[in-house]
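Enquirer: Supplied in structure tokens, the structure appears directly below.
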Amino acid sequence: MSRPRPTPPHSQPLNRLEPIGSTVTENYSPDSSREAGQSTVGVGDRVTVSVDRPAHGGEGIAQLQDGRIVFVRGGLPGDVLRVEIIKVKKRFTAARIIDVVQSSQHRVEQRCPAAARGAGCCDYGHVDPASEDELKRAVLLDQLRRIGHIGTGDDLPAVAGIPLQPVTGWRTRVRLGVDATGHAGTRIAGSHDLISIPCMQALPGMLDGIVGPGSGRFTPGAELIVAVDSTGDRHVVESRRAARGRRTEAIRRTLEGSGICTEAVGGHTYHLPATAFWQAHQKAPETFTATVRSWLTEALDQATDTESPDSGAPVGWDLYGGAGLFAPTLLDVLRETTGGADASVISVEQSRMAAECGRAALSDLPVEFRTGEVAAEVPQLPAPRAVVLDPPRTGAGTETVSAIAAAHPAAVVHVGCDPATFARDIAAWYSSGYHLSRLAVAGAFPGTHHLEAFGLLVPDAR
């Protein structure tokens, strides 16, 4: 029997929230000259608001007396804040915090010295680490309901947490700007100005001699990439920023190290440029591959014969595969669950450089690397038993999801680093005859609003 398609929930749209408490206005009073339906506040007005819930992007959501929402940068659920309106639109406003009248239970003192001075690095540095998972799960569920139109209950499994430690000193790749005097630093939120104070995300000692007192000088206006690989070697390069949706960029100059990082995961060693995409958290590669292994094994053990390809050796697809981080795990799962020693994996990646790195690292395995757009390559591939896809922040898109679903894999692990595009992609899976059997948020970016979402999708009952 087919699983019913989810319908938009009956909750009010984002600009029609249920009342969340009083709003006290300090600098304005209703004016008969204001047109009906327009805001009774303007830029520069100050109001006191109660924050109801977190928004995607790091803001807190409150409500004004006129019924519209206000996005408060740095606001947390349970906060009572005095704020200044900085933007007024037809359906929403934005505000900055002037004073914390009553602190949320989630709020602590800003833990990052750079963010405390205004840097845009740790926008959740004022969140109790024990609360991050709760807030990020709420954001993901909200995006799935509002963008994916996927409700709770039978349509959506409980959101699990995938913890990663440590929560400070975890980042293996750091991007810095360089000012006109040659000093490197982190950009101030919403500005091109820099702060030359180390961020708490960086591995201990990673920025020594680069940021802060006694630091070196670099090319003014350059983008500086600092990477520490799994051998402990530090690489410092100047680069050109990659276009949105791309994961690679050119190295212009190598200042320290070879510029080629060595990363060891699961018995395989990858050699890739410091500018290439690699998971930022030092524990992410092993944690993510373990999650994929567990979920796919569970799903394939439960899959019926009718969910398998008609014939031939079992095949797995590793889409947006980068250097092939998930490919060995996918291959192991296929061999273990099907008994097929002749199983193989096809990895599709747009970056030729990343594919070449993966091909060299996994040359002893039956993994084929193809370079190209995933949407164009998928129709040409042999039917898969299982699929892993980890698209960039822009997501896979409806067309690509539909093409993958048309190949009838028995199980899919979809990874997303943006909850909005992840929700859109999950909606496409639901429209294509699949549903979530597992859902999780990984704490891959501690101290920031960013999250990594994992979804296990299986075919609807037929």
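Glycine is treated like the rest: Cβ placed from N, Cα and C.
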Enquirer: TrEMBL has Gln279, Tyr320, Asp390 binding S-adenosyl-L-methionine. Which one of Glu238, Glu349, Glu356 is in the same site?
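Expert: Record source TrEMBL; matching candidate: Glu349.
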Enquirer: How many helix, strand and coil residues does the domain 'TRAM' (40-99) contain under DSSP?
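Expert: The counts are 0 helix, 34 strand, 26 coil.
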Enquirer: To what whole number does the mean pLDDT across the domain 'TRAM' (40-99) round?
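Expert: The predicted confidence over the domain 'TRAM' (40-99), as a mean pLDDT, is 95.
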Enquirer: These are the binding-site residues: Glu349, Asp390. Which one scores highest on other Cβ atoms within 10 Å?
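Expert: Result for the most crowded candidate: Glu349.
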Enquirer: Max Cα-Cα distance in Å among Gln279, Tyr320, Glu349, Asp390, the residues listed as binding S-adenosyl-L-methionine?
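Expert: Those residues reach a largest Cα separation of 16 Å.
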Enquirer: If you skip the near sequence neighbours and keep only those at least six away, which residues in the chain come within under 8 angstroms of Gln279 (S-adenosyl-L-methionine binding site), Cβ to Cβ?
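Expert: The list for Gln279 (S-adenosyl-L-methionine binding site) reads Pro285, Phe288, Leu325, Ala444, given in order along the sequence.
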